[in-house]
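Peer 1: Dropping the structure in here first, questions after.
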């Protein structure tokens, strides 16, 4: 493991198998504060996602990287039937707590939350009688958490195949990643606001790129976040944590996605929620892939 020479995550965070980078609990707690609740989601993101799902008549949604549940909560509140899964039990506890606190609301009482692993997703999430979900979402740069341990991206292919298998015929997969093309060419993230959440706690984010055998192997982001009441006297304190990501470039990730559907899909790419054209002047922070199963 590269952890022996390069620390890829905060101390106490798991490094075996599909890594739970929030396993120490502290990173999960700080991340929950960092991204906030549904009110912290940007209006542009909320309008775009809800509009996309309703445009395609989606009702049953699988969130395969729900984390603390912020997107799933938004969808439940908007009337969607939601199944939420994540590999981190430390993150899921926030979603489970919200469901418990709102259990008297029929929509939240029906909200399904499970711990699941992308590598065994076809076993962890039973197929519905309808043959899959209307939409599967994997947003917030979540898929990039999965490393390439074997060096051949076989884990990525298996995970994407399992995720794609959850989509019914005619259904959607909505998945994103940061603009790693820009990060790898410049060494830093594109300038601009975060398109997903309005956090006022960030003090600094440092980007590092790990090169192995002349190939980009990992990107790490070191977050410095101001946490209310974390100081000894109750004043705001600073918390630091590191997360690592596999740097998926646009062209190669597009090939992986289309292979996951066996080529039987319609595929469009957006840059920060707007149609993306290679060579355009505006440099997006995120690439968002929307795939519609056609078989």
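Just so it is clear, glycine is given a Cβ too, placed from its N, Cα and C backbone atoms.
Pulled these features from Swiss-Prot for this protein:
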BINDING   4, 6, 242  (6S)-5-methyl-5,6,7,8-tetrahydrofolate 1 binding site
BINDING   6, 217, 242  (6S)-5-methyl-5,6,7,8-tetrahydrofolate 2 binding site
BINDING   22, 31, 34, 41, 65, 86-88, 117-118, 139-142, 178, 223  S-adenosyl-L-methionine binding site
MOD_RES   2  N-acetylvaline
MOD_RES   10  phosphoserine
MOD_RES   34  phosphotyrosine
MOD_RES   46  N6-succinyllysine
MOD_RES   193  N6-succinyllysine
MOD_RES   198  N6-succinyllysine
MOD_RES   203  N6-succinyllysine
Peer 1: Nearest by CA distance to residue 87 (S-adenosyl-L-methionine binding site): which of the recorded positions is it, out of 46, 217, 242?
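Peer 2: Nearest listed residue in space: 242.
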Peer 1: Of 65, 117, 139, 217, which binding-site residues are close to residue 46 (N6-succinyllysine), meaning a Cα within 10 Å of its Cα?
Peer 2: none
Peer 1: Which has the fewest other CB atoms in a 10 Å radius around its CB: 65, 87, 139, the listed binding-site residues?
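Peer 2: Selected from the binding-site residues 65, 87, 139 on minimum Cβ neighbours within 10 Å: 139.
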Peer 1: Pick out which of the recorded positions 46, 178, 217, 242 has the most other Cβ atoms within 10 Å of its own Cβ.
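Peer 2: Output for this query is 178.
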Peer 1: Since the record lists 117, 141 as binding-site residues, which of them has the fewest other Cβ atoms within 10 Å of its Cβ?
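Peer 2: Sparsest of the binding-site residues 117, 141 by Cβ contacts within 10 Å: 117.
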Peer 1: Can you tell me the CA-to-CA distance separating residue 217 ((6S)-5-methyl-5,6,7,8-tetrahydrofolate 2 binding site) and residue 141 (S-adenosyl-L-methionine binding site), as a whole number of Å?
Peer 2: 16
Peer 1: So, three-state DSSP: helix, strand or coil for residue 46 (N6-succinyllysine)?
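Peer 2: In three-state terms, residue 46 (N6-succinyllysine) counts as helix.
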Peer 1: Measuring Cα to Cα, how many Å separate residue 141 (S-adenosyl-L-methionine binding site) from residue 242 ((6S)-5-methyl-5,6,7,8-tetrahydrofolate 1 binding site)?
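Peer 2: Residue 141 (S-adenosyl-L-methionine binding site) to residue 242 ((6S)-5-methyl-5,6,7,8-tetrahydrofolate 1 binding site), Cα-Cα distance: 15 Å.
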Peer 1: Please tell me which one of the binding-site residues listed here (65, 117, 139, 178) sits closest to residue 242 ((6S)-5-methyl-5,6,7,8-tetrahydrofolate 1 binding site), measuring Cα to Cα?
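Peer 2: Minimum Cα distance from residue 242 ((6S)-5-methyl-5,6,7,8-tetrahydrofolate 1 binding site) across 65, 117, 139, 178 lands on 178.
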